[in-house]
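Asks: Sharing a structure with you now.
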Amino acid sequence: MDLNLNRADYLQVGVTSQKTMKLLPASRYRATQKVVVGDHDGVVMCFGMKKGEAVTVFKTLPGQKIARLELGGVLNTPQEKIFIAAGSEIRGFTKRGKQFLSFETNLTESIKAMHISGSDLFLSASYIYNHYCDCKDQHYYLSGDKINDVICLPVERVLHDVPVLACQDRVLRVLQGSDVMYEIEVPGPPTVLALHNGNGGDSGEDLLFGTSDGKLGLIQITTSKPIHKWEIRNEKKRGGILCIDSFDIVGDGVKDLLVGRDDGMVEVYSFDNANEPVLRFDQALSESVTSIQGGCVGKDGYDEIVVSTYSGWVTGLTTEPIHKESGPGEELKINQEMQNKISSLRSELEHLQYKVLQEREKYQQSSQSSKAKSAVPSFSVNDKFTLNKDDASYSLILEVQTAIDNVLIQSDVPIDLLDVDKNSAVVSFSSCDSESNDNFLLATYRCQANTTRLELKIRSIEGQYGTLQAYVTPRIQPKTCQVRQYLIKPLSLHQRTHFIDHDRPMNTLTLTGQFSFAELHSWVVFCLPEVPEKPPAGECVTFYFQNTFLDTQLESTYRKGEGVFKSDNISTISILKDVLSKEATKRKINLNISYEINEVSVKHTLKLIHPKLEYQLLLAKKVQLIDALKELQVHEGNTNFLIPEYRCILEEADHLQEEYKKQPAHLERLYGMITDLFIDKFKFKGTNVKTKVPLLLEILDSYDQNALIAFFDAA
């Protein structure tokens, strides 16, 4: 069965955070439901639809930014009490808008996530988890990495509290009281948790998770161990998952899975006979989907998916058909309804234009008076800078609550800008003088009229570190701009992992000196991505990393006064040695540095580079041949005389050129890595081999793996 859903925009509130929109329970089966939404202005708004118009039930006064909105109530009764988290306070409202609770949690950080079950309140700030019962403190846990979401299995079904934390280090932590019962590794940093079918599935223990790199999975949380049921890899390279809900939108009696992503994609998954999810419907909206709910809002009897977006639009994807079958009398009624709607929209537009005119005059007067202060219009920017494991590139996503005019990208380190298919902005590059003003990249993206979201891809070079800056200018008057900064770290292509292969040939760097655990941790944060800013609890910590470009690995173990770093790539050890020495010198700390170099690791790293280098050389050769082969084809009139290999190149010409274009400087990157490996190998022996680099490049141009290894050994 095909699923046809039609879009209906209901209204716009302020900028919204993740999970801040809910549908109140219906009074009867398939009756219209009220929508409640909280925004960054601190306003909670509840509305319903009548004759195609949004009618406000209640609206609170502005206050602190609302980070979460949940529904609660006595267990096994309709959940129609509204709870919001703003700053460190929890407030409760009835469905009519009367405030009945104001609970100051006294947390030192703002609340980021919340779950409500009866009289139990589960909260998390960035690193702190708290459990309250009837507003009294019950349990507390300090996480080793940022907590993105919190949930609890349904206590009425599993008969005891089982809170689960989604943590940034790719781990779900299952708690018992104030202790971790066990940890579950997931394939990406989990951003959202939801109970399967809204009630934990058949067992009450089934938990859905979505990750920031767009993966989706189902895990059964048993009392002893987790059972992984299924997982959907993000094959289509879609955005990260921000919200999940379960609702039977298909109408087959089985609840479907509704998913909202940060690239604006809304997806519906149905379940087959084997309980495996199958994609049934998808639709792209122009901005990130912060909340998603299944229900009935627009008209009695018509199910729909209701979403809220980053800039505050509440939109329905409804099963109600746009073109209705109707008799003569009905047609007249529909026409009258349409006329009323058009005249209502006209008067609203006139009112808004008058309001804009008034505000513009007011602004002119205030800015020209002698006591005028700078009145820069503020706007909200939602940004995300993440490393993609698949292609070892960084993805920079900029989302603005209003249309973007242009974005200027500036970098003081060498980086490559890669093509993004979804990107419709026009890019232009400015020449840079890197020697006098540290500018290695200046690029301007000019956006089309209604673009509110821009996605860029960059690739950095390990060992070269600094700052990438984005100057975001929206289409608002007077002109204003916001600057966002992103650190390019020395080992920028390394990603946290939970396991490494201990059988690889490893090089070791050992540091000892008069430094504290916190100081060494801050140096590791400076060098490597995905390390929590706060030092972990305990006296000693071990982190594992994998290089997303080469698949080499790094193990870092450190405590007060000592740090040990092991890697199968000498260049990684060399970068760490240089950067850590520089950081210690800045703080006037004496470091004792010792290292053990494993000769076998060089050959091992070259073998890891080999397939990538061979592929890129072959690709470059094929692309060089295309023009000549096309000329021959035109001259001869056909390709029958060509050998199969050349015929294949002509057939795949467009695909090959497209791939080559998408990988600027890929070959140069690999050459650079091999050159660095060569220099670093001999640097640790106290020999300078920079004069031999031209000879190395000659060998690479006529590449043969054995000849390259022999050159490394002979030098």
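Positions of Cβ are set from backbone N, Cα and C atoms, glycine also.
Dumping what TrEMBL says about this protein:
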type	residues	note
COILED	335-362	coiled coil
DOMAIN	21-319	domain 'BBS7 beta-propeller'
DOMAIN	377-486	domain 'BBS7 GAE'
DOMAIN	494-596	domain 'BBS7 platform'
DOMAIN	599-712	domain 'BBS7 helical hairpin'
Asks: Out of 21-319, 494-596, 599-712, which stretch touches the domain 'BBS7 GAE' (377-486) the most, going by CB pairs under 8 Å?
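Replies: Between the candidates 21-319, 494-596, 599-712, the best contact partner of the domain 'BBS7 GAE' (377-486) is 21-319.
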Asks: Taking a Cβ cut-off under 8 Å, which residues six or more beyond the ends of the coiled coil (335-362) line up next to it in the same chain?
Replies: 51-53
Asks: DSSP helix, strand and coil counts for the domain 'BBS7 helical hairpin' (599-712)?
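Replies: DSSP composition of the domain 'BBS7 helical hairpin' (599-712): 93 helix, 0 strand, 21 coil.
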